[in-house]
Amino acid sequence: MVAIIVHGGAGTIRKEERIPKIIEGVREAVLTGWRELKKGSALDAVEEAVKVLEDNPLFNAGTGSVLTLDGKVEMDAAIMRGKTLDAGAVAGIWGVKNPISVARKVMEKTDHVLLIGEGAVKFARLMGFPEYDPTTEERRKQWEELRKKLLETGEIRHWKKLSELIKEYPEVLRSTVGAVAFDGEEIVAGTSTGGVFLKMFGRVGDTPIIGAGTYANEVAGASCTGLGEVAIKLSLAKTATDFVRLGLDAQAASEAAIRLATKYFGPDTMGIIMVDSNGNVGFAKNTKHMSYAFMKEGMKEPEAGV
């Protein structure tokens, strides 16, 4: 049974009037992925679904990525094939429109798994990806407002103070996008993010770390969203697939993974989506919101929500 699920990030959507547009965004992404999935390729389905989310400035990935402490965009992305365990990822990349597509090229055109920073940018250019500025006016304005507050308080160098201030913008603090699909033969997972607003320059989250934010094998695939450091410490995406190997379906495994995150790091930290090799989808969160949408065989329209 074929299936696909996408997410647009876990956290709190502060401006609730945005919720209908966010739901429409994940719905559009899953429908795009579903069309590719019906052609037979989970890999294409995941890439195209994530690209739709990267191109939507409502989400913190690709266009609309949040800015670092020094006002730059540094994006992370990863994609993984469950049948072969092939994977590709980029971290701290800038100047490209769709990091998920660069990650796929890393997987298909190199012997490596992860390229970072300037090396990832150079590779993207070699692969024909043109220069692109993903910064939006809204993100720049938010960055300027927060930076002004930091300068006024004299706390610009203190990360704990930054953590307190960015709670004023929870809708971008933990926003990540991802997709997981099963085409009847293979499970593929992909994730993309702009990271944490006002993050330290050079900071890398869970998204491009295989096993932490993104993972797929022959039994299940997972894409995580939330506080990246939590997913890294728990190897959460891989752990979730291990739950499936032990006998849980995708939904039960998703819930078990979030219980684990909550046990060690408390509520309001993580969200996850999954698909297993029986075509079951799963999603869970310990945050107020996590936008999601899914389609599987027998459904005429996607289910979507926050």
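The backbone N, Cα and C atoms fix where each Cβ goes, glycine too.
Taken verbatim from Swiss-Prot:
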| type | residues | note |
| --- | --- | --- |
| ACT_SITE | Thr176 | active site, nucleophile |
| BINDING | Arg203, Val204, Gly205, Asp206, Thr225, Gly226, Leu227, Gly228 | substrate binding site |
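Within the set Arg203, Val204, Gly205, Asp206, Thr225, Gly226, Leu227, Gly228 that the record links to substrate, no two Cα atoms are more than 16 Å apart, and one pair reaches that distance. Gly228 (substrate binding site) counts 27 other C-beta atoms within 10 Å of its own C-beta, drawing on all protein chains shown. The separation of Thr176 (active site, nucleophile) from Val204 (substrate binding site), Cα to Cα, is 13 Å.
Looking at Val204, Leu227, the binding-site residues in this record, the fewest other C-beta atoms within 10 angstroms of the C-beta turn up around Val204. Straight-line distance linking the Cα atoms of Gly226 (substrate binding site) and Thr176 (active site, nucleophile), rounded to a whole number, equals 7 Å. Across the structure, Gly205 (substrate binding site) and Thr176 (active site, nucleophile) place their CA atoms 10 angstrom apart.
DSSP classifies Gly226 (substrate binding site) as strand under the three-state reduction.
When the alpha carbons of Arg203 (substrate binding site) and the residue listed as 'active site, nucleophile' are compared, the span between them is 15 angstrom.
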